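> Would you mind keeping the following structure in view while I ask a few things?
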Amino acid sequence: MATLGIKAGENVLMVWAQPSKPATLKDYAEELSSIVGTDGKVSVENVDRLLLSSHSASTFDCAVSCVLADSSAVHSLDTLAELARVLKPGGKLILEEVVTGAEAQRERTSEKLVSTLKLSGFTSVTEISKAELSPDALSAIRTATGYQGNALFRIRMSASKPDFEVGSSSQIKLSFGNKAPRPADKPAPDPNTVKMWMLSANDMNDDDLDLVDSDSLLDEEDLKKPDPSSLKASTCGEAAGKKKKACKNCTCGLAEELEQESKEKEKTNLPKSACGSCYLGDAFRCASCPYLGMPAFKPGEKILLDNKTLTDA
């Protein structure tokens, strides 16, 4: 009992599991009550009923779970989370559990138990003791769980709840008094080094400076304006037995040439009037005008005549 670290005046939660004997459970609860005294309190809960209890959050200073020699239970994540909830910030948890040297269907290794405690929110997880099970305890666990191996140990672990509640916040004070020292100023560049990479305007008039005139590199043929026809590719728009067609993104002028030819062809196909007044309406049209009876239209506008109209004309 002295190894549990329970002090007078503390509120202690004692969790037990089957197959603990009622007499053993009563003696242990009375022993805890004598330690905490009248200023403290000991609450007893079954591990399977812990999640159904109505304990308020941050109630107990210490929780002792399944430490009786004749009790055995596997602490689930929900059970450990509930123990963390009812403990006060900084509260202590002491638990015992049967572990195995290899992964089993129900029992787990000590490393797995440590990981489960940390996932439940506990810190400072420490192994206090580890002992082999007695033949009677081993037989009872085999009967209850169906475990067939011999590598079973009873391990006692201690863990602590952090000094803060889940979801709590705290203001962080930032001090701007001690600022980081400013870096030393960069040295000024050497003027001689800068001159090596610059061409002074005064150097342009030096007789010793020999610059090449780019125009002198061109001959008379290079300066002549090229003939547009010479810029056209030899095979551009040429296809035996096919209509002349410009290339996509044409740059030789064939596309513009074909467009101009198309516009001129449309102009020649426009209907011609002998009097030149057909577009004004029936009042200005001749008796044999093919546009007779049609509304006025703009000069040059394309008008389609049906076969009946042409026959009547």
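A Cβ is built for glycine as well, from the same backbone N, Cα and C atoms used for every other residue.
If you look up Swiss-Prot, you'll see C236, C247, C250, C252 marked as [2Fe-2S] cluster binding site. What Swiss-Prot records for C275, C278, C286, C289 is [4Fe-4S] cluster binding site, and it gives sequence analysis as the kind of evidence. Per Swiss-Prot, region 'N-terminal SAM-like domain' is recorded for 6-172. Per Swiss-Prot, the feature region 'Linker' maps to 173-223; the stated evidence is sequence analysis. The region 'Fe-S binding site A' feature in Swiss-Prot is assigned to 236-252; the stated evidence is sequence analysis. Positions annotated as region 'Fe-S binding site B' by Swiss-Prot, on the basis of sequence analysis: 275-289. Residues or ranges marked as motif 'Cx2C motif 1' in Swiss-Prot: 275-278. Summarising the annotation, Swiss-Prot assigns motif 'Cx2C motif 2' to 286-289 and lists sequence analysis as the type of evidence.
Would you situate these features in the structure and describe their surroundings?
Its Cβ placed at the centre, C250 ([2Fe-2S] cluster binding site) has 17 other Cβ atoms within 10 Å.
Under DSSP, C286 ([4Fe-4S] cluster binding site) is assigned to coil, being neither helix nor strand in the three-state scheme.
The region 'Linker' (173-223) scores a mean pLDDT of 70 in the predicted structure.
Remote same-chain partners of the region 'Fe-S binding site B' (275-289), defined as residues 6 or more beyond its termini with a Cβ less than 8 Å from a stretch Cβ, comprise 295-299, 301, 313.
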> Using C-alpha positions only, work out which of the binding-site residues C278, C286, C289 is nearest to C247 ([2Fe-2S] cluster binding site).
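Nearest by Cα distance to C247 ([2Fe-2S] cluster binding site): C278.
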> For C252 ([2Fe-2S] cluster binding site), what is the tally of other C-beta atoms lying within 10 angstroms of its C-beta?
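Excluding its own Cβ, the number within 10 Å is 17.
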> Among the binding-site residues listed here, C278, C286, which has the most company in the form of other Cβ atoms within 10 Å of its Cβ?
C278
> If you count other CB atoms within 10 A of each CB, which of C247, C289 wins among these binding-site residues?
C289
